Amino acid sequence: MDLWQLLLTLAVAGSGNAVSGSEATPAILGRASQSLQRVNPGPGTNPSGKPQFTKCRSPELETFSCHWTEGVHHGVKNPGSIQLFYIRRSTQEWTPEWKECPDYVSAGENSCYFNSSYTSIWIPYCIKLTSNGDTVDQKCFSVEEIVQPDPPIGLNWTLLNISLTGIHADIQVRWEPPPNADVQKGWIVLEYELQYKEVNESQWKMMDPVLSTSVPVYSLRLDKEYEVRVRSRQRNSEKYGEFSEVLYVALPQMSPFACEEDFQFPWFLIIIFGIFGLTMILFLFIFSKQQRIKMLILPPVPVPKIKGIDSDLLKEGKLEEVSTILAIHDNYKPEFYNDDSWVEFIELDIDDPDEKTEGSDTDRLLSNDHEKSLNILGAKDDDSGRTSCYEPDILETDFNASDVCDGTSEVAQPQRLKGEIDLLCLDQKNQSNSPSTDTAPNTQQPGVILAKENKPRPLLISGTESTHQAAHPQLSNPSSLANIDFYAQVSDITPAGSVVLSPGQKNKAGIAPCDMPPEVVSLCQANFIMDNAYFCEADAKKCITVAPHVEAESRGEPSFNQEDIYITTESLTTVAGQPGTAERAPSSEIPVPDYTSIHIVQSPRGLVLNATALPLPDKEFLSSCGYVSTDQLNKIMP
């Protein structure tokens, strides 16, 4: 429908001016141009078989040319059969007439060339094709819209560098702009596009457009040959011109061998596997040394442990075995002298020569004059010639906790005062009966001094003598025994052969010493002043011999009725029936050593003493001394 309308419009215009080419008004030309662009907007196929515009181009924005095709229905070529007419608008008005093409030869066959005299930029043009006076095709455009530059010329390349592997190389491609384009003066601005490919490939690789006339091409293989071409376009335009001639690039072979494939060192994989391997090695090291690393970072808390003691004994509650082990080692022995601080040590005065004639060493040791001395514990004794000091080589003992604990001095004070009163009473009676006491044999008293407490404290007497030899040092001054307690009850016998003595209890048998006859008191009081004690058989014989007149009274009223007494004897009744044997007892009495060597300060007034070595008696005097109980002693005493 539009085509018929166009033909009708052209027919009306042709009838108005048939000779001059039918000058049309601008309004009619504008409508015809719009109709032509809607019908045939650009070059393409010609389905109707009539002549048609193929393209219009300006290579440098100064001239342009248009090309068309012949119709298929024209069997005979007639130079004057197809004509091109154009019209342009100047000063906002269209020219009133159509003008024919100025040059049909310069641009080639079926073309019209417009030189610079007929070319104006920024001004629209309209062209039409006529055949035998009929318009067959029409087109309107502006010169800057149809610019398609000529191909660049003078392509060449330059080698930039070769890779270290000798496989790839970089080149620089250069060219010259089209010769007819006034690029130097800036009349036209061109953009260039470079394309390259390997010779045997069909797909071109395009690079980004550039404004310069040179561009680098990277990573070309040395063993390949490449084709390079360049084309251009006006800046901000979408239509490129023709491609330049193909440039062949043949890179020199620098490597001694031809590589078929590019060798890329797998640095990334090596780094990944290296990190993974190091991590695994670190984990294996930590796993194998985890206990040692744990001890270095978090050292274990040391378990409380006593050297030489098995911890299983403490867990099982075997405290007796632990105490035995502690008693064996000198470092863990209990310090018996730390409970009461009012007696620190015993001072032996070696400067006073008069004391040598006053009595034995035991008398001076047990006297009250040196009870609170402060120094010279280890001074050399004048009589014995030995050093009286603490010797750590004490025999191994087994003390319980109850044997070590000391009672308070306040509790022991009344009992001590009572003992002093009894001893004073005994001393008075001895003085009143001096004739009888002078003839009596020397009495023997225990030589161990300890503080009297609430409960009995065992005393260990260590020495090389056997357990059947009792320690009875001789006392020349009976009045020095006023403030001492005698330990005569054996509470235990250690495996080493030492006896542990406990203090006896005074005046618990129900007999007052002051009421006894003076003869008995003077002779037997020193030996039997304590109940709960062991008594030597020889001492019992002395008492029986000296005091026969009180035998019936002693049997009628027993003086030792204390319970819980463990007394041992071999043949006490036999001795009682043989008075002759009792008479010979004093003559067979063995010498008693003095205990002047201190082993342990066990309590405030308790000492562990060593017996002074004495010459061995004859074999006939080495009979053992039997121990008798108080009940048996009462039976045999007169």
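Heads up, the Cβ atoms here are built off N, Cα and C, so glycines get one too.
Looking at Cys101, Cys140, the record from Swiss-Prot puts Cys126 in a disulfide bond with Cys140. Of the cysteines listed (Cys56, Cys101), Swiss-Prot assigns Cys101 as the disulfide partner of Cys112. Among the candidates Asn200, Asn430, the residue that Swiss-Prot annotates as N-linked glycosylation site is Asn200. The recorded disulfide partner of Cys66, taken from Swiss-Prot and restricted to Cys56, Cys259, is Cys56. Swiss-Prot marks one residue of Asn161, Asn400 as N-linked glycosylation site, namely Asn161. Comparing Asn156, Asn610 with the features listed in Swiss-Prot, the residue bearing the annotation N-linked glycosylation site is Asn156. With a 10 A radius on its CB, Asn156 (N-linked glycosylation site) counts 14 other CB atoms from all the protein chains. For the pair Asn161 (N-linked glycosylation site) and Cys66 (disulfide bond), the C-alpha distance works out to 47 angstrom. Model confidence over the topological domain 'Extracellular' (19-264) stands at 81, taken as the mean pLDDT rounded to a whole number. Put plainly, the glycosylation sites Asn115, Asn161, Asn200 were compared by Cβ crowding within 10 Å, and the winner is Asn115. Within the same chain, the residues at least 6 positions away from Cys66 (disulfide bond) whose Cβ sits under 8 Å from its Cβ are Phe53, Lys55, Cys56, Leu84, Ala107, Ser111, Cys112, Phe114, Ile127, Lys139, listed in sequence order.
In the three-state DSSP scheme, Cys140 (disulfide bond) is classed as strand.
In terms of local Cβ density within 10 Å, Cys112 ranks first among the disulfide-bonded residues Cys112, Cys126.
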